[in-house]
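Asker: Copied straight from TrEMBL:
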| type | residues | note |
| --- | --- | --- |
| ACT_SITE | 105 | active site, proton donor |
| BINDING | 19, 20, 21, 74, 144, 174, 229, 230 | FMN binding site |
| DOMAIN | 17-310 | domain 'DUS-like FMN-binding' |
Ligand SMILES: Cc1cc2nc3c(=O)[nH]c(=O)nc-3n(C[C@H](O)[C@H](O)[C@H](O)COP(=O)(O)O)c2cc1C
C-alpha cells in the first residue's frame with residue numbers, strides 16, 4: 001500500500017488512529033502499538049486554554065509513549081492567540097510529528113464553548129486561527145473537519161481555498177453534518193467530492209468497521225489514507241488486520257479478551273496517573289464489551305464494581321470464555 005506523505009511526513013501504512021477524547025491517551029496508543037500500530041497516531045483533543053495555563057509536560061493528556069509514532073497532537077479552541085500559544089508549547093515539547101486543529105467535534109460542551117464543529121459556521125475566525133497557528137508551526141499542520149453546510153453547493157470550494165491560503169498541509173474529512181452526530185451513515189461520496197477538488201492529501205474517516213471497509217473507502221473515494229475511530233476502540237488491533245487484508249493475506253487470529261484486558265490494565269498503570277484509572281477503564285470497557293452480543297449486560301456488571309482492580313477482575317471472569325466475533329463490527333450503542 002502506497003504511504004501517504006504529508007509535507008515530508010510519511011504515513012506508512014496509510015491507516016490512522018482517530019483522535020478520541022477520553023480514549024486515545026498514551027496507554028491506549030501503546031496498546032494499539034503493541035498489536036502492530038498504525039501509520040499515524042493521534043492524541044485526544046487537547047484544550048487550548050488548559051495548554052496556555054499549564055505546562056503541557058506535566059499534563060497527563062499530553063504524555064507521549066515509546067511506540068506511538070508518528071504522533072499528531074490535536075488542539076481545540078476558538079481563540080487564535082490562545083491556540084497559537086498552545087501549539088507553540090506543544091511544539092517545544094519536541095514530541096509531535098504533526099499538529100491538527102479540531103473542526104469536527106459536535107459534542108455539547110465543545111459546541112457550547114463555540115469550538116469544534118461550531119466553527120464550521122465561522123470561516124473568517126477559522127482563517128484567523130489557522131493563519132496564526134501556521135505562523136508558529138514548523139511541522140506539518142492538518143485540519144480534521146465534518147461537512148460544513150450541505151445546502152450550499154460552493155461550500156467545499158470556499159473551505160478548500162481558505163485552507164490552501166492558510167497553508168494547511170492535510171485534511172481529514174468525516175462526512176457527517178455536526179447535527180448528525182452518529183445517527184446517519186457517513187456519506188463517503190462527500191470524501192470523493194473533496195478529493196476531486198483539492199491537491200491536499202485527504203484522509204477519509206467515518207464508518208470503517210472492517211478491513212474491507214478501509215480498502216473500499218480508499219477505492220470509492222480516492223482518499224490516500226483512512227482514519228479509524230470507534231472500530232479501533234472495539235479492536236485496538238484492527239490496523240494489523242487492515243494491513244494483512246491489504247497485502248492479500250489471511251487475517252491473524254484475534255487475541256483473547258482476557259489478554260487484551262490485562263495488557264491495557266498494565267499499560268494504564270504504567271503510563272497514566274492513578275486518578276485517571278477508574279474513568280479510563282470504564283470508557284475502555286464500554287467499547288470493548290460492544291464486541292459481544294451480551295455486551296450491554298457485561299458492561300453493566302463491570303461498571304458496578306467499585307475499584308479499577310475489581311472492574312478488571314470482574315471483566316476477566318465475564319469474558320474468560322468469550323471470543324471476538326468476525327468482522328464487520330456492529331457497535332451496540334452509539335457515542
Ligand atoms: C468516544 C469518541 C471521542 C471522540 N473524540 C474526538 C476528538 O477528541 N477529536 C476529534 O476530532 N474527533 C473525535 N471523535 C470523532 C472521531 O475522531 C471520528 O471522527 C468519528 O468517530 C468517526 O470515525 P469512526 O466512524 O471510525 O468512529 C470522537 C469519537 C468518539 C467515538
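Cβ coordinates are placed from backbone N, Cα and C, and glycine is handled just like the others.
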Asker: Please state whether DSSP places residue 230 (FMN binding site) in a helix, a strand or coil.
Answerer: helix
Asker: Work out the three-state DSSP category of residue 174 (FMN binding site).
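Answerer: The three-state answer is strand.
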Asker: Cβ neighbours within 10 Å, counted over all protein chains: which one of the binding-site residues 19, 229 has the most?
Answerer: 19
Asker: State the Cα to Cα distance, in Å, between residue 174 (FMN binding site) and residue 105 (active site, proton donor), rounded to an integer.
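Answerer: Cα to Cα, residue 174 (FMN binding site) and residue 105 (active site, proton donor) are separated by 10 Å.
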Asker: Enter the number of other CB atoms within 10 angstroms of the CB of residue 174 (FMN binding site).
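Answerer: Other Cβ atoms within 10 Å of residue 174 (FMN binding site): 25.
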Asker: To the nearest whole angstrom, what is the C-alpha distance linking residue 74 (FMN binding site) and residue 105 (active site, proton donor)?
Answerer: 11
